[in-house]
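Comments concern the structure below.
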């Protein structure tokens, strides 16, 4: 027995040396076993290399083993497999259950145990304790000695959890760490490795338990050779040295040999001369030797094999990597399998790599294990319990249904979802028969379908979901043990054909050549079964409720990750830096070389902080290295990664991340620039239009096609193009498969994002020959004809959600104010009679009655909405008080509320005769009409209630965006003209319903507060420019009015702050509005549905438009232009109105 070290820096051929020796031993005819011991993650690669090197080994003496497979071999021979193996899933489940049982004793950790990922951290620290042979008793003893209270409590609780874990495990189970302890014990009785020769390769260091196994192997084996990535042995080195960790490993192995009287053979030194890997690459040899040299050594020659790339963002970084891979394979005779792409943080890149490499046709394998929690099958199972635990919430139900593993098709799910969302269905409502009207909540979405049939359909779908689930929940609640609960869940999944559905999906994925997804799905069912098996194993006979079962099930799934085996021989390997080993790479791409990422500058501390570890070390409790040591070890990781290629090295870094946030280059970049002053540096931050750059953009057919189209677009703008792209165009044109695609794309160059005029006959059928139009619809058409067409022609509607939206708020407020006016009439009161107390009382009564009248009123559906109801009551009470104050201070009195004009209404509709002789009717409802009688003359003002800020602007009237108030006014005046009644306009106003916040620098009286409220809620609109009328409208006016937008000077004339119009100007506005209505109606009926939204400053019709995804309006599209509305002075608008009315003459009938 003896030990031999094989020294060699990166690339010196240590693995090759081991394989060559194994081959020689086989050829010499030696009969003893020849074992290559490597880390678990490298066994596949090592077996491949062994097969390639050995070629013939009929007696199968040469084997590749990891510590795990070594343990299995020994246990098979001498026993040790009788105890049930518990994997990381079972460990996590046991730990969670233990923490539930110990919750009364866990002040520090119990609450944290509910957090996702915390159980994994506890499992990791217990694993660390086991690896470093720290027992629960030692933890408790140390805790008693420690002065720091926080750490003392931590250790006490960890000791309790760890102790209970060990107690449960030793009854009949064994985990991976205990397997190493058992292996060390059983090796003594094993005969199969007696006289064997071991080559241990690929390790940087070992855990204490692995050292114990190695101690036993050293006693058994004829010889143990250990490769060490380092310089030739030195007596001592600093902890900042590149090879410090490897040196520590050497020292520990020497100590074991010394203590056990094991001979030390002459080491093999492979560090002489140029490393084997870099024999033909002077630059890489220099890099390997001087990467971390201090002071810097400079390579003064041209650098051709090492390059840097600065990318504008992560997408372009990966795309450039793909192009360079294509070039290497095409021009440098490399195979895809010669190429490795690596990143320190692969999770940041793997989706992009998958997308872009697939687009470029690059076969690749991503060596990354993925969490399974978002796999549809796992979601189907976890949401099964979530539905019950969250009382049939919308989110949990439809998370379950949308997995694709129910019997519902997408149309049924969508149909059901619309109904559930519109009616706020959750909880116990899923057990009832649904009778909520489709028409009421979904705005007549089912005009062509009988209401009864729709309800029958939605209830059938609902029952198909709820009945089997409720049966499952009932069966589950009757389960007496975890074993029975697992059986019920398993049977439920089998009854729903989940295993068969998975098989069908796998087959479909393979047929579509989606092998990676097929591979993932092929593992999922086994994982589900294994999780249930582990639950039965570790707590099978225990009683458990559904809540705890669900949590433990989630913990079990969290412990699993899905990995893949490379399905092809010739493909690019994409791996993370910390999983890299020599892959005989000829080309290496290091991506994401940014500051703090490569090398990593920080690590999560875990359960025990660095400070905790330092304190424990002082109490002789040795654990794994702290985060500071890990930072020092990063340079070794960087070294091994950068020196793993023999021919070509490209290091790239983006200057911005996925979200556009700036990133700094890694310190490695500046180090490379200093070592290699002649290094080639590329960048796409500024695109260069050179022949070389254009040629570089030619790679695979798909991406090159996109580059060609991009060049053609630039040609259209710059009026020049590189002739290369004309040659590329000819290549595609001569290929049948590409010709049609080219034609389609080139057609798109002339694309105009506009719509054709719809023939009048079709538009009439679409609008169903409607002749009645509301004012709001006309304003909608004026704002954007296309949005109007989509809403009223195509009947497209936003999905109705059970919520209290602004339109609902407006309707509610209008209804309350209307009911208040009815209550006043019933009690024979006038608005002048109201005081603040009565306003509060009457509004409370009205709101209560409205809520009682509708059993399912949304304002009673939750505490949040009940609070909103109280707030609205306060706002409306304030509005009623302000209205009463307005009326008290005015000679104008309300003559009507909710005054309708239309067929069979108080006032007839406004009739407009179009150019073709057709007639349309304008209909509507006026919130309030106030009247002032002056002799035989009557003056009216129109009041429209608004729940938000609304300001009347003349330019909006001119362009048709604000027609409402003037049409309301015209409906009254036109009717009066026909009846020869002398009624004159006094004003048109918006009244804002609000309870404003009043800010004051000092204490103010109630009277001052009321004035401030009135000022904030002043009417907005146009008042008749008649001083007498203004004074009648605000009898208390003194200067600027508190209630109307007007002011009176001291001499009795109208002030400048007055927002008004003369009698002639009101007439002008009426004529203009009628002309505008006629124009809009004719455009509408003539089929104009152009995409022309208005724009006024920063405000556009598109801002809150729900149809932007339909029109795809973009100003860079030909034909897409705004209808600009310029803010102008009043005088300019009046002149424009005058010219427009004079031009049209007697246009309005």
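Backbone N, Cα and C atoms are what each Cβ position is placed from, and that goes for glycine too.
The ATP binding site annotation in Swiss-Prot covers 8, 9, 10, 11, 12, 13, 14, 15, and the record cites sequence analysis as its basis. For 784, 1102, 1105, 1111, the entry in Swiss-Prot reads [4Fe-4S] cluster binding site, with the evidence type sequence analysis.
The Cβ centroid of 8, 9, 10, 11, 12, 13, 14, 15 marks the ATP site; residues of that chain outside this set whose Cβ lies within 8 Å of it are 229, 270, 275, 276, 277, given in sequence order.
Using a 10 Å Cβ-Cβ cutoff, residue 1102 ([4Fe-4S] cluster binding site) registers 18 neighbours. Taking the binding-site residues 9, 14 in turn and counting surrounding C-beta atoms within 10 angstroms, the largest count is reached at 14. Of all the binding-site residues in the list 9, 10, 14, the shortest Cα-Cα distance to residue 1102 ([4Fe-4S] cluster binding site) is found for 10.
Candidate binding-site residues: 8, 11, 13. Fewest other C-beta atoms within 10 angstroms, 13. In sequence order, 753, 786, 787, 790, 1091 are the residues of the chain that are 6 or more apart from residue 1111 ([4Fe-4S] cluster binding site) and have a CB within less than 8 Å of its CB.
For residue 15 (ATP binding site), the number of other Cβ atoms no farther than 10 Å from its own Cβ, over all displayed protein chains, is 24. For the binding-site residues 10, 784, 1105, the largest tally of other C-beta atoms within 10 A is found at 784. Long-range C-beta contacts of residue 12 (ATP binding site), restricted to its own chain and to partners at least six residues apart, with a cutoff below 8 Å, comprise 270, 271, 275, 276, 277. Across the structure, residue 10 (ATP binding site) and residue 1105 ([4Fe-4S] cluster binding site) place their CA atoms 62 angstrom apart. Between the alpha carbons (Cα) of residue 13 (ATP binding site) and residue 784 ([4Fe-4S] cluster binding site) lies a span of roughly 73 Å. Taking the C-alpha atom of residue 784 ([4Fe-4S] cluster binding site) as reference, the shortest distance to any of the binding-site residues 8, 9, 11, 14, 15 belongs to 11. Taking the C-alpha positions, the distance from residue 1105 ([4Fe-4S] cluster binding site) to residue 9 (ATP binding site) comes to 65 Å. Residue 15 (ATP binding site) carries a helical DSSP state (H, G or I).
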